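These notes concern the structure reproduced below.
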Amino acid sequence: MTNNVDQVGSVSASSPWRRLSPIALLYVAISSIKFVAGNFIYLIPILVIGWQRLLQNPEIIVPGVIVLFFFVSIFSWLQFRSYRYRISHRRVEIRFGVIKKTVLDLPFERIQNVTINQPLYYRFTEHVYVELETAGSSDQEAKLFALTRQYAEQLKDEISSSPSIASVENAQSIEQQATPAPETILNQRSIFDLILHGISSNRIWIMLGAMGPFAEEIYAKMGQALQYMNIDLAAILDLSNSSLTVIIFYTLSIILTLFLCLVTLSIMAAVVSFYGFTLSRRGEHFIRRSGLFTRSEVNIKLSRLQQIVFQRDWLDMLLGRTNIKFLQAGSSEKQQSSQTENLMVPSVTTEQANALSSQAWHDQQLENMTFNRISKRYIFSRVLIAVTLLLTASGLSHLSGDRSLIYFAASLTPVVIALIVLRWWRWGYTSDYKYLYIRKGLLGVDKLIVPLDKLQQLKWSQTVWQKPHHLGQLKLVLASGALSVPFMNQEYAFHLLNNTLERMATRKPAWM
């Protein structure tokens, strides 16, 4: 049994079982720490209850940290020693596990993505780790730690050139795969683009939610800081001491300051994730490189794309930007924001988004399509549900003698109706001979491009209220997840169904 896999040769040739390079122990240890930190949310109730006790007895903090470090070190060492892998005969075989032994056997043709990552602590030795992702369960995904970059690149190229099951039947496709193609840069993101992405992303609200359990402690610390600076908010916000204008000014200033702090953190997160973003194309592959501390390289095959999504939140619309996502098989099992399972290009202009989508599917016509609206009966059905709930809440409030909820429901009703109408306004659908285009959203707008050849299931359903009006819901199932269009015209839906089934019967496309 050898100790490393840095020899450069044919990675698919027969080779013995190998251990990890010693530097891999650093990655395993940090991964264990990340695992503990990732499950930190389960420790929040304990910390909230015991936080004051820890402050009163600080002498137990250091021994606790030492014990935790000791157990993490022992577990990391056992994980490191149990890891074995072998790359031979166009297969990747891995054995690992301390308590639960796991064996992975991945043929090259089943590997969907090859991601090369270089954490900060690997840059000094020019090592990387490689993630091998499949279209199936996440349990079937593998990582190879502490490989040299030269070997990792060779492994990536050989896996990427491995013909899929569908392409084996196509000699022309195999010939194209055997011919190396030059790499062309399609898009790069500047720091300014990443700042815009940080402003418009939802990280702000995620941070606010994470800070919720510690709100009381945060307020106490803020009060102490204000007291240290001789700022008495109670006196400033007292109507007897200050005018209403001054109170409003100070309140808005405080809110704006907090918001700017959160936006700054969001921008920093975007820069760390997407720094040096470069999207390239080589043959039938998109290659994304990005990352400040951990440099990542994601390689995806265009033939495995399931959807292209143009995502615009309300801030993106104000800034004139779009986030474009290329979704693959297995997207429903993970968050669709995953940077390895799916490829996202942040904060591009509309022209850049159209150009990138045309690079993936040159015959899509999203920018030239006119969308059909769903039926206005969607508004009636949703308003009926909302009003029923509000009236029920108001009735219960009246019976209890508290009429405050009645006034609240009365003021909320116009807002709810306006949001329902806006939701209806966003919905749209259209299609051509090869693609289905869907538009949806509320404050923002998402546009989806779905190839008809990638559809696995189509389901048409109607309620007893929709049937007389020739309306219904069309549900589409792809390898990347399910989509639906409500209150769709029946005639259009049947035309789409017949067209799709005819394509499936005559072309027999490979949905993967």
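Here the Cβ of each residue, glycine as well, is placed from N, Cα and C on the backbone.
As recorded in TrEMBL, the features of this protein are as follows:
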DOMAIN    81-159  domain 'YdbS-like PH'
DOMAIN    277-333  domain 'YdbS-like PH'
DOMAIN    424-498  domain 'YdbS-like PH'
TRANSMEM  24-48  transmembrane segment
TRANSMEM  60-80  transmembrane segment
TRANSMEM  231-250  transmembrane segment
TRANSMEM  256-279  transmembrane segment
TRANSMEM  379-399  transmembrane segment
TRANSMEM  405-425  transmembrane segment
Practice problem: With a Cβ cut-off under 8 Å, give me the same-chain residues at least six positions beyond the ends of the transmembrane segment (405-425) that come close to it. | Solution: 373-374, 376, 378-379, 382-383, 386-387, 390-391, 393-394, 396-398, 441-443
Quiz item: Can you count helix, strand and coil residues in the domain 'YdbS-like PH' (277-333) using DSSP?
Solution: 12 helix, 33 strand, 12 coil
Quiz prompt | Helix, strand and coil residues within the domain 'YdbS-like PH' (81-159) as assigned by DSSP | solution = 22 helix, 40 strand, 17 coil
Quiz item: How many helix, strand and coil residues does the domain 'YdbS-like PH' (424-498) contain under DSSP?
Solution: 18 helix, 39 strand, 18 coil
Quiz item: Looking only at the domain 'YdbS-like PH' (81-159), what is the mean pLDDT?
Solution: 83
